[in-house]
Amino acid sequence: MNDMSSDGKKVKSLSDLPGVGQSILNKLIEAGYSSLEAVAVASPQDLSVAAGIPLTTAQRIIKEAREALDIRFKTALEVKKERINTKKITTGSQALDGLLGGGIETRTMTELFGEFGSGKTQLCHQLSVNVQLPLEKGGLGGKAVYIDTEGTFRWERIEAMSKAIGLEPDSAMNNIYYMRAINSDHQMAIVDDLQELISKDPAIKLVIVDSVTSHFRAEFPGRENLAVRQQKLNKHLHQLVRLAEMYDLAVIITNQVMARPDMFYGDPTVAVGGHTLYHVPGIRVQLKKSRGNKRIARIVDAPHLPEGEVVFAITEEGVRDAEE
């Protein structure tokens with residue numbers, strides 16, 4: 001990684017970039033660009049307008065930030081080595097981990113979609129606890145951010161799940177940043193602000209949005225609003241993907257399903273969000289109810305994983321393998 005500036009100085013923050021004095025630094029921070037990562041993925045035009053700096057200055061700063069973060073063309077072999085070293089978070093079920101190729105991946109957005117009661121929120125609660133486990137136990141020794149759009153977060157479940165895996169409940173809850181999003185604009189603003197939070201607390205290794213589509217559906221109903229809704233949703237999803245890639249963390253989004261009256265065979269339900277949500281997440285997992293506490297998980301789309309399905313269980317202690 002080339003984290004040296006052109007004058008040989010090691011680059012750790014925006015203030016280390018050549019030509020970024022206190023005046024420009026203040027403008028960048030006030031405009032919401034408080035980290036190297038935020039600047040590196042910005043467009044020169046957006047940065048120039050937002051921070052009130054010349055376009056040529058914005059282009060130079062972005063170039064320096066990208067060099068510091070080693071954002072460049074890579075060979076397929078380098079990509080292979082990165083993929084092999086991808087970190088994963090255990091779900092609590094060996095069967096479900098196996099379906100996912102070892103667990104929930106970092107640097108990737110995973111979508112969990114299914115009907116009410118299919119286990120989406122339970123799995124999100126479990127992952128926000130499991131990410132805190134040490135590496136040797138299937139965690140990342142990290143913290144979680146939980147963005148709740150439907151008011152379904154329950155501290156009681158966090159307490160029960162953390163006790164079950166040997167974590168002190170209050171400490172586990174202290175490692176989960178929680179925010180209730182009241183509308184779609186608030187939801188997007190929270191994700192915008194996450195760059196600053198993650199820069200201050202690099203221990204954050206998991207971001208959850210449960211659910212990603214509910215506010216967008218409620219605020220933009222009908223076909224006449226579809227284009228605006230999809231445009232906003234697409235921007236929001238790409239915000240989350242950038243976070244996953246920039247900070248090497250896992251992103252989980254949940255999504256609802258709706259009935260398709262034109263389906264006469266197979267599964268008559270389809271995930272909400274249309275083509276926007278079909279293409280952005282790296283891994284798409286459908287969850288379904290089964291008998292009792294059992295749930296079915298099925299890989300719907302993942303470029304590196306075979307299609308398949310497994311049964312797991314939701315118990316008082318959390319997500320576990322289903323008993324035969």
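The chain as shown is numbered from 1 upward.
Placed from the backbone N, Cα and C atoms, the Cβ positions cover glycine too.
These come from Swiss-Prot:
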- GLY114, GLU115, PHE116, GLY117, SER118, GLY119, LYS120, THR121: ATP binding site (BINDING)
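In this structure, GLY117 is the one among the binding-site residues GLY117, GLY119 with the smallest number of other Cβ atoms inside 10 Å of its Cβ. Its own atom aside, the Cβ of GLU115 (ATP binding site) has 15 Cβ atoms within 10 angstroms in the protein chains shown. Listed in chain order, the residues near the ATP site other than GLY114, GLU115, PHE116, GLY117, SER118, GLY119, LYS120, THR121 are LEU287, LYS289, ARG295, each with its Cβ within 8 Å of the site Cβ centroid. The local packing around THR121 (ATP binding site), expressed as other Cβ atoms within 10 Å of its Cβ over all shown chains, amounts to 21. Taking the Cβ of SER118 (ATP binding site) as reference, residues of its chain lying under 8 Å away and at least six apart in sequence are, in sequence order, LEU287, LYS288, LYS289, ARG295. When the binding-site residues GLY114, PHE116, LYS120 are compared by the number of other C-beta atoms lying within 10 angstroms of their own C-beta, PHE116 comes out lowest.
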